């Protein structure tokens, strides 16, 4: 009986593959938006429907793979690269599982997931802008700073999305301008949940699973000090950094990251330069304003490598960038508290006096703006999905037998991203 089941499994899978809708049969690819270590993100629209103008972002993940036959330089006798697929990345699994469950107006909406020819495609609603793009636009000398009403709306919406995540026992762990999308109607959408994780009942310590989280400029001080256990407060520190960047149009703590030794990946180096940038603005932390300071693994490194005692300088920094709103400064102080136990929570930040004073928070962050932000740069010199579709058709013609030669013939496709384009700042992790 078991033998018969095994024999009929192949034809069944083949029939299933023939009936499964492919990416290109459902969506028309307009071009690709960004590329990174995870794969690529494409702009697309539906085919053959009344809502053909509805736009989508298709995130195609690279498969975790490794090459074999190293004695032959990873190529077969015909010169084609030999690739063995080993599964789905942990970040892809996390993002798929979390996005399927989350439904909030300030979180990017997952529309569909398609598995096709060993590639995973996540279909999201499309957002025309992100905060990195908006900040970059306003950083041009001829353009005025971001209006206060726009900053207020953007930050409130970010906090609203973060509150929703935290209420559902999820922290994002990679909040930064490039991961904050904004729709054409001025609605914030927090994206890229690849590092997000549930924290109510973890099976192992958070540090064990991911030793390095949050992009360095937005990384909370407790993480820089090697915290093995941390709280959602790390997301609020990142929101504070984003608020400061919206006000000043440049990262407030722009340090240089010390890279992990490739020969000792278990050891994470102390990020001296990044911590230096923080103390220059916030002052040197002490046991008085951070009682648990000496409990962190990197406390000794902190004492030995950062010997200068800096006074608090955030108020002067705030004046230097031309800001004067006192409540906005108080909100910034609350988000950038050293002690995570004292730092503002997302729900408390939502009702901060800054958001209660005039001008009122607008649901549309672009309300009243007399400018239009440029649309995302779309790159059309890419045929990665097209190539994948051709492979899939070949796969089906052969009754499910994978044609390695056909697959490998597409490995030399030029998918380079113009990192120097002035209209769209490149990013490693973008929606």
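The backbone N, Cα and C atoms fix where each Cβ goes, glycine too.
Swiss-Prot tags one of the stretches 362-396, 397-431 as region 'Disordered', and that stretch is 397-431. A Cα-Cα distance of 17 Å separates residue 174 (active site, proton acceptor) from residue 35 (ATP binding site).
For residue 39 (ATP binding site), the Cβ neighbour count at a 10 Å cut-off comes to 20, with all displayed protein chains included.
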